């Protein structure tokens, strides 16, 4: 019996619950929210869709952390979403307080769970959660790289008019304006993307525009929605991570993880390719970055560190 608890029953939380149900990733799903009515209402609504879609999963909604006991996976989406004109970093003070409460609830009731954080600003929130909760770093990860990579793949597929599943691509670094798309490691139908640039299928200038659109991918959606931020693609990305852990898939996925010397970086969470299996983060893959990529990656790391310093001033417990 596999149990997944979702902390936050907003747009991402509700979508996560529905996806987990339709894909039967777990046997039980608990939707937790401080607004218990929203959690209970969504849980009941999704449960009522099970006979239509033909899945067999138990759903419940709660505002009591005791109900997440014995969870195999916990996905955190609790927090305030962005509004137009806001960066992910603008959410820092509000969401830091929320993450601290969530960390206490999980530490007390489900300390053995594999925890996936989706709350923004992502890299600092997952670092703060790990620090507040004391859970082992290999069991605490952030969802960012899968989402950023999926945006990069989509924009390339639209530009090159090829199916998105034919594109292999990866984005590293922090989940923000300094993220690092990696065209050099990108393949289209097995062919290096940079070969297509040489052949004139896509210009270097157009490729850079796609890189920038990837960095702005979340903001573009926030601008359209006006109230709220992306939720379908973030939820799908979170489910992929949960599946890799529960099914011991040993899958290579770009995730925000705790770096301890890899890529020349220590004591920081940032997006890199990792293997996820039954032990959580089982291996951090170190790909050979060139000088330009290294410079961009370190610039992204510096941005994460600067935000971490700001967070530490808001809550001195993070400096301990």
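Cβ atoms are placed via backbone N, Cα and C, with glycine included.
What Swiss-Prot says about this protein:
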- 8, 9, 10, 11, 12, 13, 33, 95, 118, 119, 120: NAD(+) binding site (BINDING)
- 82, 88, 120, 151: substrate binding site (BINDING)
- 175: active site, proton acceptor (ACT_SITE)
Position of peak Cβ density within 10 Å, selected from the binding-site residues 8, 10: 8
Nearest-integer angstrom distance between the alpha carbons (Cα) of residue 8 (NAD(+) binding site) and residue 82 (substrate binding site): 15
NAD(+) site span - longest C-alpha distance across 8, 9, 10, 11, 12, 13, 33, 95, 118, 119, 120, in Å: 17
Pairwise CA distance, residue 88 (substrate binding site) versus residue 33 (NAD(+) binding site), rounded so that it is a whole Å: 22
Pairwise CA distance, residue 151 (substrate binding site) versus residue 175 (active site, proton acceptor), rounded so that it is a whole Å: 12
Residues 82, 88, 120, 151 binding substrate per the record - widest CA separation, whole Å: 18
Listed in sequence order, residues with CB under 8 A of residue 175 (active site, proton acceptor) and six or more positions away: 88, 120, 121, 122, 123, 142, 144, 145, 147, 148, 256, 271
Nonlocal neighbours by CB distance (under 8 Å) for residue 118 (NAD(+) binding site), same chain, sequence gap 6 or more: 12, 75, 76, 77, 142, 143, 234, 238
